[in-house]
Amino acid sequence: NATAACYLSTKAQRAEQAERMSRCSSEFPEKLLTKKQKSAAQIYVADAQIAQEINNHLEPHFKQSACDTVVELNPGPGHLTRHLLDRESQFRKIILLESTEHFMPRLQELHALYPDRVKVKHGDFVSLWKLAFMDKMDSGMRVVDLLNDVPQKQFTEDINTLVVGGIGSYPFFKHLVNSLIFQTSLYNLGRCEMILAVPPPIYIHLTCSNDIGYLLYRSTSVLFQILFEYRYIAKVPREHFLPQQAKHTLTKNSKLGKVKAINPEYLYLVKFQPRRNLHELCSVQDLPALWFFIKQNLVSRRNRIIPNLEKWVPGCGPRLIINQSASMPIAPLYADEDIGELPPYSMPCTTMNNRDYFSNINIYTQFGDLSPSQMLTLFTQFRQWPEYSESSFLASLENTLLKLESVTDEPGLDDGVNLPEEDDISSEHVEELVEEATPKPSKNHKRKPNNATA
């Protein structure tokens with residue numbers, strides 16, 4: 001019967017998993033084999049089978065790249081490293097960054113075999129944001145030391161290095177956004193391209209459209225899509241990575257159940273790099289202002305565009321309502337991308353411009369109604385108004401940047417800055433995407449529950 005068949009299927013899966021763990025036991029430390037995690041920051045390729053599958057998926061993307069330097073994150077026993085080594089004509093320099101001491105002797109053997117081509121370093125690239133924070137506290141050189149083998153190029157040149165690996169850390173992606181905005185850390189060296197295996201909720205959060213609702217479409221989503229070119233490649237089975245994935249239990253009435261239930265048994269292979277024309281869309285000097293503009297205006301889904309902007313530039317509403325400028329449409333960035341293959345709620349990457357005007361704006365239009373390109377356009381309009389230079393917006397920005405400079409706690413760095421209303425997705429339990437939704441007032445004006453936010 002169906003129950004017996006289900007039991008046998010589960011039993012077979014358990015036996016297969018046990019056999020896989022047995023094969024891995026000679027290569028991995030016990031803590032990676034036995035401890036299941038809901039949201040592992042460091043993700044290891046566990047066997048040769050998945051390494052071959054990843055290599056097959058990445059083959060066309062490697063061919064498109066002229067980059068001759070690759071950084072592999074947490075190579076572990078080297079399953080994927082072997083495929084990188086096979087590309088002698090392309091990857092002349094392979095930098096292996098390993099965070100677990102257990103694997104260092106084996107990786108050092110690779111360096112001994114290929115002394116000029118393979119560099120090995122014990123360090124935690126995934127916690128780059130922590131290293132940057134510690135450097136700031138004691139004027140250290142941890143980030144510089146970790147990245148000292150990475151070549152440097154001008155931002156407008158081709159990518160300086162290719163990074164491959166698995167990352168499940170949401171603070172890492174926030175750090176990449178901050179690195180681009182504030183010209184620090186990794187992107188000081190050039191437009192590094194990354195090809196990563198990431199948990200579905202993280203990628204969907206970064207690339208979703210506003211159609212999904214405000215629980216997922218947040219300031220980080222908008223900033224990521226403005227700053228980066230990105231592309232979904234494929235999904236790969238989570239069971240072939242370590243540490244093992246703990247089962248997700250969806251709570252009753254979970255607002256995010258539909259997102260957490262998307263492909264939990266897979267990781268997404270994705271690639272992204274900063275837009276080459278980013279500084280044409282927004283000057284380096286104005287990037288912090290763009291960041292602050294988006295962060296401040298997306299702290300609540302009820303934030304309406306005209307009333308909010310009139311706090312900074314009184315009387316600006318009519319010029320937005322009667323805007324006569326012709327809009328420039330955006331277009332898909334990758335003509336060969338199959339939209340039907342994309343994860344649910346994920347938007348294909350598009351071109352970006354600052355003349356993509358939202359049509360028929362009125363006093364009720366909310367910031368959450370805007371696409372990333374329309375948000376960039378609105379900021380560009382705001383920036384060009386003659387009142388901008390004397391507006392209270394600049395004083396608020398300066399005050400926030402001063403707080404950022406003097407921040408003395410780690411969560412402050414993680415969040416970019418301690419904006420009091422900032423309610424981005426939780427970094428502690430990214431798989432739950434814990435957002436505090438602002439409940440809409442009910443028609444009968446019932447009292448809010450104690451755990452509701454204002």
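Every residue, even glycine, has its Cβ placed from backbone N, Cα and C.
What TrEMBL records for VAL45, GLU98, ASP124 is S-adenosyl-L-methionine binding site. Annotated compositional bias 'Basic residues' per TrEMBL: 442-454, in sequence order. The domain 'Ribosomal RNA adenine methylase transferase N-terminal' annotation in TrEMBL covers 50-248. Residues or ranges marked as region 'Disordered' in TrEMBL: 408-454.
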Span of the S-adenosyl-L-methionine site, taken as the largest CA to CA distance across VAL45, GLU98, ASP124 (Å, rounded to a whole number):
16
Is it possible to get the count of other C-beta atoms within 10 angstroms of the C-beta of ASP124 (S-adenosyl-L-methionine binding site)?
18
Around the Cβ of VAL45 (S-adenosyl-L-methionine binding site), how many other Cβ atoms lie within 10 Å? Please give the count over every shown protein chain.
27
Using a 10 Å cut-off, grab the number of neighbouring Cβ atoms around the Cβ of GLU98 (S-adenosyl-L-methionine binding site), all chains included.
25
